[in-house]
Amino acid sequence: MNPQAKLIFITSLFLGTTITISSNHWVMAWTGLEINTLAILPLISKSHHPRAIEAATKYFLVQAAASTLVLFSSMTNAWHTGQWDITQLTHPTSSMILTAAISMKLGLVPFHFWFPEVLQGSPLTTGLLLSTAMKFPPITLLYMTSHSLNPTLLTTLAILSAALGGWMGLNQTQTRKIMAFSSISHLGWMTIILVYCPKLTLLNFYLYTMMTATVFLTLNTMKILKLSTLMTAWTKAPSLSTILLLTLLSLAGLPPLTGFLPKWLIIQELTKQDMALAAMIISLLSLLGLFFYLRLAYCATITLPPHTTNHMKQWHVNKPISAWIAILTILSLMLLPISPMIASII
């Protein structure tokens with residue numbers, strides 16, 4: 001892709017995100033979401049492969065429908081209350097429509113079907129943007145309207161997302177699809193706590209973004225799109241494979257690592273809110289996610305490849321680790337000791 005064109009699209013992404021997260025008026029928020037959608041489409045379809053074109057088309061249709069619902073929800077609210085302010089979303093029907101619209105934008109169950117397909121048709125770097133940066137504006141809208149959303153509906157969506165994200169990721173062999181289902185599962189954790197402690201939702205999102213960025217950048221450096229390629233990665237890039245192993249364990253939420261922090265705080269807050277049953281269910285469902293993270297980690301570091309592999313062997317090269325991967329890895333693994341400081345900020 002032309003560097004000038006890429007610069008325009010990336011700048012438009014930043015512009016759209018900034019407009020949405022800093023606006024008070026629904027129409028401005030909607031405008032930011034539309035700019036975001038239009039800016040990411042060329043990045044999805046830049047390879048001109050039929051699967052990439054299909055992914056871009058699916059993404060456009062879903063996001064257009066979700067944006068329409070956002071506008072419809074805000075207009076219904078303005079009709080009943082005379083308010084266009086984002087924080088003044090008080091009409092129950094408008095709140096429900098908005099929840100559905102943002103669920104479509106994020107890929108929450110039952111509006112999740114497009115997300116794995118779109119991620120599978122995109123390059124790894126665009127997949128990283130779709131999993132992290134593109135989810136920030138919708139989560140900001142949920143954060144600003146959290147006081148007027150329906151807790152029962154959000155808890156139901158969250159538990160379904162954690163269940164399906166874990167369940168459907170179990171038998172996947174493509175790394176991008178595994179990361180998509182991982183994203184759906186993590187969104188369940190963010191959604192379940194939204195009404196009770198919105199700042200925890202944002203903390204979870206920030207930490208998830210760091211860990212996912214590490215995984216995507218590592219996979220992109222090693223050029224790994226499927227598990228069979230991952231099995232031969234250890235001999236070529238042992239340091240990157242080790243980073244991948246540890247970051248995947250952090251994503252799974254294992255205790256000494258950063259990923260345990262948001263899960264711990266969310267379970268603690270849910271228990272305080274007399275929602276011990278929901279906390280127990282979503283904790284058990286995260287074991288499904290743990291299984292496929294462990295499978296990825298197992299393929300990356302422990303498996304010896306069979307001698308009759310049917311794909312081209314790459315030359316042995318010690319790939320250098322970029323500064324971004326190094327910094328993100330440290331953050332993805334070592335933030336748990338400073339959890340009291342993070343909790344005090346919340």
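The chain as shown is numbered from 1 upward.
A Cβ is built for glycine as well, from the same backbone N, Cα and C atoms used for every other residue.
Small disclaimer: the values here were computed from a predicted structure and weren't measured.
What TrEMBL lists as domain 'NADH:quinone oxidoreductase/Mrp antiporter transmembrane' is 23-288.
Taken from TrEMBL, the feature domain 'NADH dehydrogenase subunit 2 C-terminal' applies to 290-342.
If you look up TrEMBL, you'll see 5-21 (among others) marked as transmembrane segment. The list of residues near the transmembrane segment (5-21) in space but at least 6 beyond its ends in sequence, with Cβ under 8 angstroms from a Cβ of it, reads 28-29, 31-40, 42-43, 129, 133, 136-137, 140-141.
For 56-75 (among others), the entry in TrEMBL reads transmembrane segment. Panel annotation: around the transmembrane segment (56-75), residues 26-27, 29-30, 33-34, 37, 40-41, 44-45, 84, 89, 94-95, 97-98, 100-102, 104-105, 111, 114, 117-118, 121, 130, 141 of the same chain, lying at least six beyond its termini, place a Cβ under 8 Å from a Cβ of the stretch.
Tertiary proximity for the transmembrane segment (95-115) is limited to same-chain residues at least six positions away from its ends with a CB under 8 Å from its CB atoms, namely 33, 58-59, 62-63, 65-67, 69-70, 72-74, 76, 89, 130, 135, 138-139, 141-142, 145, 148-150, 153-154, 157-158, 160-161, 163-165, 180, 183-184, 187-188, 191. Positions annotated as transmembrane segment by TrEMBL: 95-115 (among others).
For 152-171 (among others), the entry in TrEMBL reads transmembrane segment. Counting same-chain residues at least six beyond the ends of the transmembrane segment (152-171), those with a Cβ under 8 angstroms from any Cβ of the stretch are 96, 99, 103, 108-110, 112, 116, 177-178, 181-192, 194-195, 275, 278, 281-282, 285-289, 291-292.
Listed by sequence, the residues of this chain that lie at least six past the ends of the transmembrane segment (178-196) yet keep a Cβ under 8 A from its Cβ atoms are 106-109, 112, 115-116, 119-120, 127, 131, 135, 139, 142-143, 146-147, 149, 151, 154-155, 157-166, 168-169, 172, 204-205, 208, 212, 215-216, 251, 262-263, 266, 269-270, 273, 275, 278, 282, 285-286, 288-289, 292-293, 296. Positions annotated as transmembrane segment by TrEMBL: 178-196 (among others).
Among the features that TrEMBL reports, transmembrane segment is placed at 202-225 (among others).
The feature transmembrane segment is assigned by TrEMBL to 237-255 (among others). Sequence-distant contacts of the transmembrane segment (237-255), counting only residues of its own chain at least 6 positions beyond either end whose CB sits under 8 Å from a CB of the stretch, comprise 182, 186, 208, 211-212, 214-215, 218-219, 221-222, 262-263, 286, 289-290, 293-294, 296-297, 300-301, 317-319, 321, 325, 329, 332-333, 336.
What TrEMBL lists as transmembrane segment is 275-294 (among others).
Here the transmembrane segment (321-343) has long-range neighbours at 203, 207, 210-211, 213-214, 217-218, 221, 239-240, 243, 246-247, 250, 255-261, 264-265, meaning same-chain residues at least 6 beyond its ends whose C-beta is under 8 angstroms from one of its own. What TrEMBL records for 321-343 (among others) is transmembrane segment.
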Next item on the list: Residue list, the transmembrane segment (275-294) vs rest of chain: Cβ under 8 Å, 6 or more residues beyond ends.
Entry: 155, 158-159, 162-163, 165-167, 169-170, 172, 178, 181-182, 185, 188-189, 192, 196, 248-249, 251-254, 263, 266-267
Next item on the list: Could you tell me what the rest of the chain brings near the transmembrane segment (202-225), counting residues at least six beyond its ends with Cβ under 8 Å?
Entry: 124-125, 127-128, 131-132, 135-136, 139, 143, 174-176, 179, 182-183, 186, 189-190, 193, 233, 236-237, 240-241, 243-244, 247-248, 250-251, 258-259, 261-262, 265-266, 314, 319, 321-322, 324-325, 328-329, 331-332, 335, 342, 346
